[in-house]
Amino acid sequence: MKPGGFWPHLALLGVSLPAVLGWMDQGASRSPNMVPGESQAEETRGFEVTRREGLPSPGLSASCGKKLCSHGSRCLLNRTTGQPSCQCLEVCRPRYMPVCGSDGRLYGNHCELRRAACLLGKRIVSVHSKDCFLKGDMCTMAGYARLKNVLLALQSRRQPLPQGTPRQSLASQKRLLVESLFKDLDADGNGHLGSLELAQYVLKEQDMDGSLNRCSPSDLLRFDDYNSDGSLTLGEFYTAFQVIQLSLAPEDKVSVTTVTVGLSTVLTCAIRGDLRPPIIWKRNGLTLSFLGLEDINDFGEDGSLYITKVTTVHMGNYTCHALGHEQLVQTHVLQVNVPPVIRVYPETQAQEPGVAASLRCHAEGIPLPRIIWLKNGMDVSTQMSKQLSLLANGSELHIGSVRYEDTGAYTCIAKNEVGVDEDISSLFIEDSARKTLANILWREEGLSVGNMFYVFAEDGIVVIHPVDCEVQRRLKPTEKIFMSYEEICPRVEGDATQPCQWASAVNVRNRYIYVAQPALNRVLVVDVQAQKVLQSIGVDPLPVKLSYDKSHDQVWVLSWGDMHKSQPSLQVITEASTGQGQHLIRTPFAGVDNFFIPPTNLIINHIRFGFIFNKTDPAVHKVDLETLMALKTISLRHYGCMPQAMAHTHLGGYFFVQCQQDTPTSTGPQLLIDSVTDSVLGPNSDITGTPHVSPDGRFIVSVSNKGPWLHVQEVTVRGEIQTLYDLKINPGISDLAFQHSFTEGSQYNAYATLDKEPDLLFLELSTGKMGRLKNLKEPPRGPAPTWGGPRRVLRDSGLFGQYLLTPAQESLFLVNGRQNALRCEVSGIKGAATVVWVGEV
């Protein structure tokens, strides 16, 4: 570093620099208790000392011999002109003889006082006042902070960033500035700043600020020499200026953590650095620290994220960064493994020799389980033949022609990396002459009440068995309700006919069906076992929507109040599966326009929360299904979204919200809500329409009866939503149903009714392969259903069912999904408003 180049251009700070090595005149060693009159003599001797100290060589003596320099300076030859000139002393010798200056500051010795006077270009003399001695070194923390800001400001003016330098973060710019300042101060380039080097840095008067409070660069050693070795390293210099050096190994940029559902896990942030600021954790861009989540917290001092009980909703991406350093981010991908959960069908069956028999096993888990079959404990894969085969990735065991020796207990075993599950399907082979009681019960009683479609039409309730393709039972409008002896559909005075009006219906554990009769302000309870209407429950006027909360055994009832929907209400029927003795509870929610209760599945068997929508409020309201109390409001106002429908997938915990259309002919956009944080993530890409989620939570199909597009998305094992494809469908979709694939054990297919055409749409979700089933009759005509719902309903037949049912104008059509073909038409049934499938009882 050049003497007289950088340092003389800086200003003197409030307190004196510590005593450092330099030129010292004789007067500097004098006692501060100087008597009056000694100042002039002292100044004369100072000239003489300066002249002698400026004669290091004979050549210089000739040039500076007649050049007199004042205190605090010495004679030097100008390198350009060769002429002698007086320049301020660079440093003073390290001798501590404190002296008060006439400027009110305390100096380490007389040399430093005179050097400061030289640098500042003003007269400063020693005084005998004790004030500055009593004040001592008054560098406060506030002044020290101000000093560091002044040093950085001066450095930025001295060495500005070159033009064209890319704009960087403030933290990065500050780091470069501090590095530059350290390099300039490190005169000997040894990577350590000593007291001598810091003492050379003085500030000019115009750069001084009263708020510095007597602080000097030497105070860097006093405050930030952490190892007390008398020097500052670059690391200590970084710390002094609060420049944090953080690092993240390239291999840690993305960290994948796999944990089994139900366990706890800890995500540790791999960002390292001395004095690292607090770690901030985010999920889907939302900070987790202040949300008060019951199952996630980051209170650990090590900056880790703790998830106390992992479920599939927790899967997805989590990020961590140090506070104020958002440019350095680590991503944690949380994958959740789920042990297999299986169901077999049928649990027991009896067949006669020579007929075909199938045993089916459905398994869900993450990763996808592998299925094997045992017969009486022996692996059947070693017995494969033309008569015995495994279909759909082993999920179906098919016997082409059964024999007596095929009788046995067939065990389905599903395995994946984290667990195993098994169940037994029993097969009995007996001829008709040797029927056992169990055989008779299975064949006759079982088929008489279970595995049926219950159709609610204008002329009553029709029970249809899909295998026989015939009506098993018909409950006419004049049938009596068992407990009240009222008619199912009483005749209105003056009407010649007695049509039934139905709205919504739900299956309650394959025991009862609850169905709404809006015009009669009641809900009927149908006993599946007896195939009779058991009772009626009076509810608020115009009940139009029912939903069964299986987790709490409750049926929720939404009523309009009147045809203008001006007095809507939400009621709950408790203990629904008992069939009688239920209680009707009125909820406290006003202005309800719609509600949503997520369905259960094999993996998620308990639901805690539901959601309600208000007529004029751009928000969804989270409700505790057990206490029936509102918990939280999730505002959609920022997106101008009035919610119309919702769907949910447990994979990643996403809610899909359909917003109302802007115009009668447009389709409503969708928003995504994260169920972990109850926060809106934003639009679901450019997806529009009503969302439908497959039973396993993997596929999301969005359709509309007004728009031409069908969108298919998939949730990956990492909890990420990706769009698979978009299909253009004309006209729009009326209703949609899912059916388990009969060729791929882990896949689902979708069927959809068209709003204005008789065809039935078929879609293989994983591949996008699409087809149409034709030869169906015209769909129901006329205006949209009075009580809401699709114009042309479509109902599947459960997890193992292969049939679907949809109405035409005056008939019903049954479709065999396994063969992807029309099964039959059941004529003479008009105005089918809703359909319920009842599985095995």
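Positions of Cβ are set from backbone N, Cα and C atoms, glycine also.
Worth saying up front: this structure is predicted, and the values here are computed from it rather than measured.
Between Cys361 and the candidates Cys320, Cys412, Swiss-Prot records the disulphide pairing with Cys412. Candidates Asn317, Asn393 were compared with Swiss-Prot; the annotation N-linked glycosylation site appears at Asn317. In this structure the alpha carbons, written CA, of Cys111 (disulfide bond) and Glu197 (Ca(2+) 1 binding site) are 17 Å apart. The Cβ centroid of Asp186, Asp188, Asn190, His192, Glu197 marks the Ca(2+) 1 site; residues of that chain outside this set whose Cβ lies within 8 Å of it are Leu185, Ala187, Gly189, Gly191, Leu193, Gly194, Ser231, given in sequence order.
Taking CA atoms as the reference points, His192 (Ca(2+) 1 binding site) and Cys92 (disulfide bond) are 20 Å apart. In the three-state DSSP classification, Cys100 (disulfide bond) falls within a strand. Counting residues of the domain 'EF-hand 2' (225-247) by DSSP class, helix then strand then coil, yields 7 helix, 3 strand, 13 coil. When the Cα atoms are compared, Cys86 (disulfide bond) and Cys361 (disulfide bond) turn out to be 100 Å apart.
Most Cβ neighbours within 10 Å among the disulfide-bonded residues Cys86, Cys92, Cys269: this distinction goes to Cys92.
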